[in-house]
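Note sheet for the following structure.
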Amino acid sequence: MKKLIYYFGSNGSDGNASMKDILGNKGAGLAEMSNLKLPIPDGFTITTELCNYFYTHDNSFPKNFRNELRTAVEKLEATTGKVFGSTKNPLLLSVRSGSIVSMPGMMDTILNLGMNDEVCAALGEVCKDKRFALDSYKRFLEMYGATVLSIPSDLFEQIYERHKIQADIYRDSDVTPQLLEKIIEDFKKLHVKYAEKLITDPYEQLESAIKAVLNSWMSNRAVIYRKINNISESSGTAINIQSMVFGNLSKTSATGVIFTRSPSTGEKKLFGEFLINAQGEDIVSGTRTPLPIISDDSNSMKATMPKVFDELSKISETLEKHYLDMQDIEFTIENSKLYILQTRTAKRTAIAAIKIAVQMVEEKLISKEQALMRIDPESLNQLLHTRIDYSKGLTSIADGLPASPGAATGIIVFSPYDAEKLSHHHKVILVRHDTSPEDINGMHVSSGILTIRGGMTSHAAVVARGMGKPCVCGTNNLVIDEKKQTLIAGDLILKQDDIITIDGGTGKVFLGAVPLIQPTFSEESKLILEWADETSKLKIRTNAETVSDALVSVKFGAKGIGLCRSEHMFFDKNKIPLVREMIIAPDIDRRKLAVQKLLPLQTQDFKALFRVMGDKPVNIRLLDPPLHEFLPTTEEDKKNLASSLNLPLSMINQRLHAMHEVNPMLGHRGCRLGICSPEIYQMQVEAIFTAIFELHKEENIECKLELMIPLISNVNEIKKLKGDIYEMIHELEERYEHKFSFSLGTMIELPRAALNSKKIAEEVDYFSFGTNDLTQTTYGISRDDIASFLPYYLEERIFESDPFTTLDEEGVGELIEIAIKRGKSSNPSLKLGACGEHAGHPASIEFFHKMNLDYVSCSPYRIPIARIAAAQAKIKHG
């Protein structure tokens, strides 16, 4: 068995920052801080190897682990001068998880471990403070009971509140030692009820706490968090055991969290909060509203503890320069002595991540490439957050702390269960006293989070920022009535389903929906996206067929349109009746008449699109979906169609019945329509080239057209349609006395097309991989029906991910690779693109980069994400 325990502390460390895989993120940080000679409590890290052993050996420990653990504690006793379980100078321990990737609040922590009646009495004597010792004992029983014995936390809360009410006490600080003794006795009875005995042996407590932390790796909340954030389950967690230092020892003791820069905005200034006479869990849990470290407030740390503040400031600067990244630092002050408990790379909003990355390049701390690799592409969704339009003279109903930026409007829900249930049909705002890790699913589906308690570093704030969701915390002027399920704001009483709006950028809460402003990119955002474009090889295009989508795409930096689904233009209310006439018409003459009515409308559509895109390439896919999608379904629409064609309703119903297909997505669609009903493609080609000619003549715009034929499976299909298209273009060139320049391509979206790509490539200028249909036809799974079994497949690990979100590299990816290799063998100048939903997914973009595609085309609001992902792929793979 490999080494399981690594020491750290005032005498140096066995490990360092590079050992995250075995020490976890927290343990590696503690080891590195020891090597930097920073003031940290002595301790040791149990490696991730134990977690992996635990889960592969029926939740048991290795043979010699208990002896190693006892040796480690004895070494800790020697360095601290305290003894574990002693009734003279007791050593108390903290037991904390430490996964490789930070998972704030998702796993378990136990403080003050080693407590029993005798140790509590000894601690009171040593510290000359009986109340402090009793308070520490109470905290231990509550935390150990909830974490190790699975006693519901609210049972402890009920006991505590009952005793306070009976004693006519309202503030925690007024609870007397005598009352604490009564509370502790009731807590101990609760332990006996659930565990059949009170566990008083310190080593038994320690072993059971270690098992509890290991078990929390597979807790429901941790599993959900890993799924949401794509964190591997196989990495396991380390465990960090440290000698306790007490932030709740006196009025010169405190606990807090400090960020070396603002996690919300990225501003270069220290930002954080602390609580006097408190332990670390008090600030992280959000049960008390903390004080600022820096502010004009006389209660700030800078004002009340200036010497400690200066030391903390210097350590913060040291850690940021050492790690070359913004740090999230937890600390405790015990009788004016500062201890650093943890440092880690700080979670931050996308706005902050970009600002910090750019700042650090300007400060010559990191390179542009390093800056780009620091950005989570998916987090750029946050740049698209709306904000409230305050020019409308709005009045808020409450004010809190701006914990995570962005504005959200939704109905009030008071539980994560209701959030999950109602989010299918409504946008919801989750309203809680404070959030806990158990709320993770409800937070994930909510549009925004509002908490009554907690600060900028509470669980709600940290998790919301990581999710990119608006969050307001510490709204002390709001009251939740749990029994009546109402939210009280002064004289206003709100119930579930009432609508509110929260502003996570200002901390304000409004009644109802309020006017919102769409976001704009900061100068730093524009700059880092420019760096991305300079770095990447893949060009990023967009899927667009409307002027509004095209304008948004150009604004977000699209280099062209990679997929214009021409059929989407047909659904306009002015066109759909003509499309239906074209499809249902009983003879060719009537069909051609309907087509001619559509022609000028299609021409104007294409003209408007080309005008927006200017000299950027525009790839237009000719009509693809089955005709049934355009046909009327309501009786009213059927009657209107019968009237416009001057046909009896019975004949319309006969035609509709005759056109019914059992499996239309694999039926009469795509190129098959163009071959069987050539007048449709002829009309589209005429409209496209007429639009190009008119823009050239009237506005001197030179359009870059790419014309794409869908759903090819046989080279003869492309040959037939290619001949028809070129014949039509030749007629148009003669009519307009103008020579047209364009590229002809096809979508590779069927396995047979991929396998026969050598022949197909001889007939076209480019391939565009339609990964949606290619995935459907490779798997034999309908994208519309996969939801009925996908959750079970993911749970049973049959699928690692949704194949319609993350490209299947083994199956679909191999078909793409075959198509590229064979296509290039017959046409070396063949251009390559991809235009399915996968084209906006970072992992899939990395695959497309490795396949040497020329571009990917994604939805407009995925463009910034794709630009960063393409740059990262180039940095990783060259």
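Using N, Cα and C of the backbone, Cβ positions are placed for all residues, glycine too.
Within ARG541, ARG565, ARG862, ARG867, the residue that Swiss-Prot lists together with ARG621, GLU749, GLY770, THR771, ASN772, ASP773 for binding substrate is ARG565. Taking a C-beta cut-off of under 8 Å and a sequence gap of six or more, ASP773 (Mg(2+) binding site) has these contacts in its own chain: MET665, LEU711, MET747, GLU749, LEU750, GLY836. According to DSSP, the region 'Linker 2' (503-537) comprises 13 helix, 7 strand, 15 coil.
Counting only the Cα atoms, the space from HIS459 (active site, tele-phosphohistidine intermediate) to CYS835 (active site, proton donor) is about 39 angstrom. Spatially close to CYS835 (active site, proton donor) yet at least six residues away along the chain are ARG541, ASN543, GLY562, LEU563, ASN619, MET747, SER768, PHE769, GLY770, THR771, VAL856, SER857, judged by Cβ distances under 8 angstroms. Around the Cβ of GLU749 (Mg(2+) binding site), a 10 Å sphere holds 26 further Cβ atoms from the protein chains shown.
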